[in-house]
Amino acid sequence: MTIALGKLTKEEKDLFDTMDDWLRRDRFIFVGWSGLLLFPCAYFALGGWFTGTTFVTSWYTHGLASSYLEGCNFLTAAVSTPANSLAHSLLFLWGPEAQGDFTRWCQLGGLWTFVALHGAFGLIGFMLRQFELARSVQLRPYNAIAFSAPIAVFVSVFFIYPLGQSGWFFAPSFGVAAIFRFIRFFQGFHNWTLNPFHMMGVAGVLGAALLCAIHGATVENTLFEDGDGANTFRAFNPTQSEETYSMVTANRFWSQIFGVAFSNKRWLHFFMLFVPVTGLWMSALGVVGLALNLRAYDFVSQEIRAAEDPEFETFYTKNILLNEGIRAWMAAQDQPHENLIFPEEVLPRGNAL
């Protein structure tokens, strides 16, 4: 037998191990390595948005008032996109445009690129946070995969689309009414509602809402009587080992309603994940197509017949005319720097005019 004499030397922790221990410590709010990206970026994005909507005008970029200081409210205030003349400049505060002048930087629209970039990295940090936590507690990473869908939409709308156009000017500004303006722009200039990728996105979001409502109602309807409490929540025991609701009863119910029903909880919940995530991914792909000015469905035969026959009109041809009206009215209002002037006879006229 061999006896080893001497004291065991404990390995010294390096800086990485020390940081890893602190960042991944079990605490009320988990930080993690992803938190190094998430928390600063989220702080700066929200701080920039609150600063912009409170104090900063859009007069120099859009000819608009956009702050509480100018009289806007929560629905009409916005952090607006930079001027079209600045194209795709990242508009750093220290860059050649603002040259370190914070007031000038705000006037040029620098807060928009600041909020957009920090917002995007904040969202990515939140997705990485879900990956990190899932790995720590040995869960599958489907939460993070699902969250990639809204990230894809954000990146495609706020970055890919304006990169395909002439500048950040054509991205959405960060505000409620500003987003509505952007939606109208998408419809008028891209016929977005007739785009098959938009249709898939709508089917995904509304389908997910329907699935959530059906699933929640079905679970509530088939709860086991596991207590004598006054309501569902008082009767529920968080440490129970048995099922909360009867999948068999739910399956029999929907089999009678539709003729088919989910017989497996895994497939049911995967479908509830698949529908909205795929819809949002498809919508993001469609916006990438719009960045390249790819067109939606064109039913040219109907347009030709409507042009030749005054008595022939479809909902499609009516929508095409409405899009032309949006473009004619909106271009001059939306792009004042172009000094667009349309002859009176080409502008659409409604009953109010």
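A Cβ is built for glycine as well, from the same backbone N, Cα and C atoms used for every other residue.
Per Swiss-Prot, the range carrying the annotation transmembrane segment out of 91-107, 125-141, 312-328 is 125-141. Transmembrane segment is the annotation Swiss-Prot gives to one range among 41-61, 167-187, and that range is 41-61. Per Swiss-Prot, the stretch carrying the note transmembrane segment among 13-26, 69-82, 153-166, 251-264 is 153-166. Phe262 (plastoquinone binding site) carries neither a helix nor a strand DSSP state and counts as coil.
Of all the binding-site residues in the list Gln130, His198, His269, the shortest Cα-Cα distance to Phe262 (plastoquinone binding site) is found for His269. Note: the Cα of Asn143 (pheophytin a binding site) and the Cα of His215 (plastoquinone binding site) are spaced 19 Å from each other.
Using a 10 Å radius centred on the Cβ of His269 (Fe cation binding site) and all shown protein chains, the other Cβ atoms total 14.
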